[in-house]
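What TrEMBL annotates here:
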REGION    1-29  region 'Disordered'
TRANSMEM  61-82  transmembrane segment
TRANSMEM  94-114  transmembrane segment
TRANSMEM  145-164  transmembrane segment
TRANSMEM  221-244  transmembrane segment
TRANSMEM  274-300  transmembrane segment
TRANSMEM  306-327  transmembrane segment
TRANSMEM  339-358  transmembrane segment
TRANSMEM  443-464  transmembrane segment
Amino acid sequence: MSQFDAAPPNTYAGGKDDNLRITNNGLPDGNNDAEGEFDMIAYKRDTPKWKRIKDHSLTQMILLSIQAFCGPAMADAIAGLGGGGLATPTTNNIANAVSYAALAGVCFFGGPLVNKLGTKWALLIGALTFPLRGASFYTNSKFGNQWFLIVGSFLEGFGTGAWYVAESGTIMSIAPSGARGKYLALWIVSRNLGQLIGGAINLSKNHIAGEEGGVTPDTYIIFLIIECIAIPFALLISPLSHVVRGDGTRIRVTEKVGTAQEFRLIKKTWSSKLILLSALWAFWSFFYGGSWSTYLGLYFSVRARALSSLISPFFCIVGCFGLGFILDIKSLSQKRRAQLGLLVVVITNVATYIWSIVMQVKFNKNDPGAIDWNDSRYAVSFLPYFFIQTTGPLSQSYMYWLLSSFATDAQSNVRNGAAFRCMEAIGQAVAYGMNSKTGESPLVGFCVTFGLLVLALPPFTMLVNSTPDQIPADVIADEEAAQHRLEHAHEKKDDPTQITLQDA
């Protein structure tokens, strides 16, 4: 755990200048000394061990990752069947477009919503809606029910929107500054680990050669059960103000503001340099999902799709932790690590897009039919989908690491995360809507995704090049600590009881 939480010494990210350290903030355990530092000795002495374990930042990240595994990861596993496992991907694309449109609406107002509810209760609301996805796909597969698939996706989009906003604010707040890359890798891998487990389930139930059309209805029952498991883990989440991070510091939480002020802060957030320069990147970051899911559904057999969702996450695990270690390199400044991370993300995505476009042009000329895993064309045809399942998560993990580099407090992380999630959801809604109209060939989707990256790169590069070497909240924490020391010194000077031994 100490290696996981280690802070690079040249970023002012460890010890007393940690970016999310504050005063006691009304907490029952632990106090701050004269320099504004959290008293870890008092905390360990006065707090039961079970509570220290529960409120530890790594424990909270694991609990959040389990929820990501049960919810978004299962949704990815269903999508990994190609068209949601349906006989045709069109209905799945429409359902996803409706879901992400609802999600975008909630995310737009997500900052005030989550800051009022608290991250714990927002996560619980989201977890309660996760089972709607598995249930709606089950009824569609079993009874041919279309309306519940659309309505269920719409309702799930609302709940998932609240969950996504709370999730993004939490993952950007709880990690020790020097371990943000590895913490975010743990989170993003958990989403893909879910797809791996889901792929194993899919493959075990859909492995017969020559199988055509949608997957068996029982597959969705398993997804539904796993989605329900997120609910008790959401109840175990601690409020951000109670979390103690691995380096012995607490999260910087500012005073709560009124509802009217929260809504005014929406405008301030959306007009900030951080969001304006990253908006196109956010729109692009998840845009690939609809096109590559359609590609899988059109050109691969059911059991080949199931195998694809099983093996795709393996390289993602390696890639995301690799990027995490790059972003936590101790010998490089935070700005230099941001630039290096961007280079890795862009090169890997561009290479995957070019490969995908080349393959789709070939398929447009000669339709390969349903490619099975024993087909000689399987490897070369499947690899574009295999790599996009790594390059996409790399882009997302990197983006949240960069956003957290500009952090000032937990509430601003929630607002920034809400804005970013809103743009992500709009991108996903447009992507799935577009693919429902161009489902005969994902080539348009591939080219549009590539074009969006080209458009997003210049403003995003400007943001990367402005990455501070010291997180803004570090500066705030240093100023608060200095002010606290100054006030403490004045109190000692003005106190007539403070006399020296010589005066006595």
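Numbering starts at 1 and runs along the chain as displayed.
Glycine is no exception: its Cβ is also placed from the backbone N, Cα and C atoms.
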Counting Cβ pairs under 8 Å that are 6 or more apart in sequence, does the total for the transmembrane segment (61-82) and the transmembrane segment (443-464) reach three or more? no
Can you name the far-off residues of the same chain, 6+ from the ends of the transmembrane segment (274-300), with a Cβ under 8 Å from a Cβ of it? 79-84, 86, 88-89, 92-93, 96, 308, 356, 360, 363, 368-372, 381-382, 384-385, 388, 392, 395-396, 399, 402-403, 406, 416, 419-421, 423-428, 430-432, 434-435, 439-442, 445-446, 448-449, 452-453, 455-456, 459-460, 462-463
Do any residues of this chain, six or more beyond the ends of the transmembrane segment (221-244), have a C-beta under 8 angstroms from a C-beta of it, and if so which? 25-27, 30, 38, 43, 52, 54-57, 60, 63-64, 66-67, 69-71, 74, 77-78, 118-120, 123-124, 126-128, 130-131, 133-135, 137-138, 169-170, 173-174, 194, 197-198, 201, 250-251, 253, 410
